[in-house]
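Student: Take a look at this one; I'll ask things after.
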């Protein structure tokens, strides 16, 4: 992507981040740009000589905004981001993006791997396997856990002469107390008991355990699940040893998938702040109207000339139409801006942007507000009293995004709002 293509992409991220939080674009005032913004549309060689733009500082501001909107305090460490995300999370992301009718019950999905595993197996009890899985679960307070699933890969080591059919039973407990792994007297709560008849991935709902962990005191509660597998004998012959995969040299490790929703009132706050911003802008225009500033006769003639009907050639009409406010393409590639280490998917996407001017008379296709119409009329009469209405995003769409959080936990947000321009208008 060209240098200024990256700059345009980052500009969109800054606007999007501020719109989704309902905040003014304060960072723009902090950027060390010494010339008018129009300079960026000149020849690239001229820009380098005529402006003093700190691209590194600009990129850092943009990254800070995006991290904050994803509830990240910093970019995850390289050690954690280098770990391959579970295939389940990638498949889940691909399913949601490919099939728009596939809507999850919750907007946020996290995948937690085991922090530690202790296997308690007695050599005498060939058909009986027991594992204690320790997880480190961290869910923000403003999120509500709606569902939790334990995904386990069942393996079967068949013996010679054993029947082809498999049969066994798996029981999962929530370990309520007990700091020692070998504490057989620890209190347990039965979560699920399920018959096993095949190898491969199995899913078990453990919502009650995870909800308890989230609400409990982390200093007193251990996020532990006890998994017990028992193989059954069929016609006097053991089917083999049923077990779960827990060794770290495989991709089939146990996964705890936690579904949650953001229950904060961020949307309500955004609407209130946006309304306050609109009122502030209206007051600003009215204050300017109350002053006795007057523009030059030449400026007034130029603005009024736009409103007068005149005969245009077909080429001129096409040129004017192309300059009106509209949505245009803007392709964003996360690798080119150095964010691909923690954003897993998408690698790139079409963000779109708004380009063009808001000329009098404002037509319905740019959905002008009453304020924009009044502002345009005031500018037409006296450009010094009010600026033109701006071509800006009036509707933003969401995308699905898969990234790693501060702790390196793969996190999928199904509807990450405000990442793609849907409509443009004059405001």
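Quick reminder: no glycine exception, Cβ is built from N, Cα and C everywhere.
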Student: Among 254-287, 288-321, 322-355, 356-389, where does Swiss-Prot put the label region 'Disordered'?
Tutor: 288-321
Student: Taking only the Cα atoms, work out how far residue 325 (disulfide bond) lies from residue 358 (disulfide bond), in Å, as a whole number.
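Tutor: A Cα-Cα distance of 6 Å.
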Student: Where residue 354 (disulfide bond) and residue 391 (disulfide bond) are concerned, what is their Cα separation in Å, rounded?
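Tutor: A Cα-Cα distance of 6 Å.
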Student: Long-range same-chain neighbours of residue 358 (disulfide bond), Cβ under 8 Å, sequence gap at least 6?
Tutor: 325, 366, 368, 372, 376, 388, 389, 390, 391, 426
Student: When you measure from the Cβ of residue 424 (disulfide bond), how many other Cβ atoms are you left with inside 10 Å?
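Tutor: The answer is 24 other Cβ atoms.
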Student: Taking only the Cα atoms, work out how far residue 136 (N-linked glycosylation site) lies from residue 424 (disulfide bond), in Å, as a whole number.
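Tutor: Counting only the Cα atoms, the answer is 44 Å.
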